[in-house]
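Since the structure comes first, as structure tokens, the remarks are kept for the end.
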Amino acid sequence: MATFVDTVTLHLRAGNGGNGCVSVRREKFKPLAGPDGGNGGNGGDIVLVADPQVTTLLAYHRGPHRSSRNGGPGMGDHRHGTLGEALELHVPVGTVVKDADGNELADMATPGMRFIAAEAGQGGLGNASLATTKRKAPGFALLGTRGYEGDVVLELKVVADVALVGYPSAGKSSLVAAISAAKPKIADYPFTTLHPNLGVVEVADSRYTVADVPGLIEGASEGKGLGLEFLRHVERCSALLHVLDCATLDPGRDPISDLDIILTELAAYPVPDGQVPLLDRPQLIALNKIDVPEARELAELVRPELEARGYRVFDISTVSHDGLRQLSFALAELVEDARTKAAEEPEAPRIVLRPRAVNEKPFTIRVDGGSYGDIYRVIGTKPERWVQQTDFTNDEAVGYLADRLAKLGVEDGLFKAGAVAGSSVVIGEGDGIVFDWEPTLTSTAELITSPRGADARVDPISRRTNQARREDYFARMDAKAEARAQLVREGEAGLWADEDGTDEDASSDAKA
């Protein structure tokens, strides 16, 4: 079973906003108390938090589906809905957040950093908040909007000061175990280490972390041997330590050729913009396993060539601990120098998300061809949100939506795009709400005489009132009385006769 996971896909669903409430205050001796419907509560966001106590994404590998709570609906007496509780997901420091298309959304490189991965829906307004001087008692409320629902990819990149790189079985895990309190898995076969191991080294007044990166082989920068998975963890390290095996028995291998292959793979690996290339970072070389006589001889043989290339070379043994103290102090010097340079460099500019300008066009209109004629598609944040907030079972709410769209300039835009009465209009991408567009001719002031919950521009679809039923009943009774009177008049005029040809007393029959 996996115990270390550095890449996972999360399926997130943020909480929806609560619906607003339609309510009118009814209290003795206060006939004009007005509307008192409360607003719906906002849903809960899903927030990622960089936590130094978390070292793996294993918990999200086993449970990738996460959702936050919805906002509560509004209630009467001006009571607002409850706020949905935000869901905090703790991730390791160094986690990179990407969308489903691979675009980077956030880099959780600082402990305590927070990022809203899924934004919650907004609560709808109650009719008390929608009341105006012209619409004193709205018979509708706005619905809550839906929260974000989608996938994000979490990719962990280990944050350490020094990365140990080298061929498999070069002794990197043994070195981490020898200079720190870490206890990585150690065995006598290649690729024993399948995930990075971190160790903390304390030397005099210096303290730094080292990362045991799994073994690299030729072609690692192209993905061979899971190389891309391994090289990703080298990106954030400020210094590199090449661990070279001087006791290898593989044909065709020696410390010089191993170093050349590792350098080639490091040079071919693309680092993100703004980061120092891997080969431009401080590097040291450790010739390992000198406790073996043949290995010590080989180390003495290759040392001059490595020093001629400009490297500082250390002969070490993780078994006898020879040279480890000198190596630890040398690594501490590199780390302190890197930290000093990082403190002197100006801080990277902070990305600030600014709201759109007031005069920016709030929507666009696109004409799409359809099988039954042109479809005019309205794309914009406001129109799409307003459609989500509209209760289409309430005629007054539909009329309010029409007023908002007209005030925003959607109708003028449709006219300019060539739309005519009866044209199909869709708001939003995909299968949005389809309208048979009718231009608004009635002003809001003329609509205030409509009963609550109705709009004169929308065909009435509600059932008949008691007054309408009474009027229909009396109309039917009057029609029956008129029919009887007509029969009497026709009988008196002799228009009716029996089968034998004699006249029938229509009036007596009508009375009977």
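Residue 1 is the first one shown; counting continues down the chain.
Using N, Cα and C of the backbone, Cβ positions are placed for all residues, glycine too.
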- Query: Looking at the ranges 73-94, 117-138, 359-380, 491-512, which is given as region 'Disordered' in Swiss-Prot?
  - Reply: 491-512
- Residues near LYS289 (GTP binding site) in space but at least six apart in sequence (CB under 8 A): GLY171, ASP245, CYS246, ALA247, ALA295, SER317, THR318, VAL319
- Could you find out if DSSP has SER169 (GTP binding site) as helix, strand or coil? coil
- Query: Tell me, how many other CB atoms lie within 10 A of the CB of SER169 (GTP binding site), whichever protein chain they belong to?
  - Reply: 20
- Query: Three states by DSSP: which one describes SER317 (GTP binding site)?
  - Reply: coil
- Message: Mean pLDDT across the domain 'OBG-type G' (160-336), rounded to an integer, is what?
- Response: 79
- Write out how many residues of the domain 'OCT' (355-439) are helix, how many strand and how many coil, based on DSSP. 31 helix, 22 strand, 32 coil
- Would you say which of the binding-site residues SER173, SER317 has the most Cβ atoms within 10 Å of its own Cβ? SER173
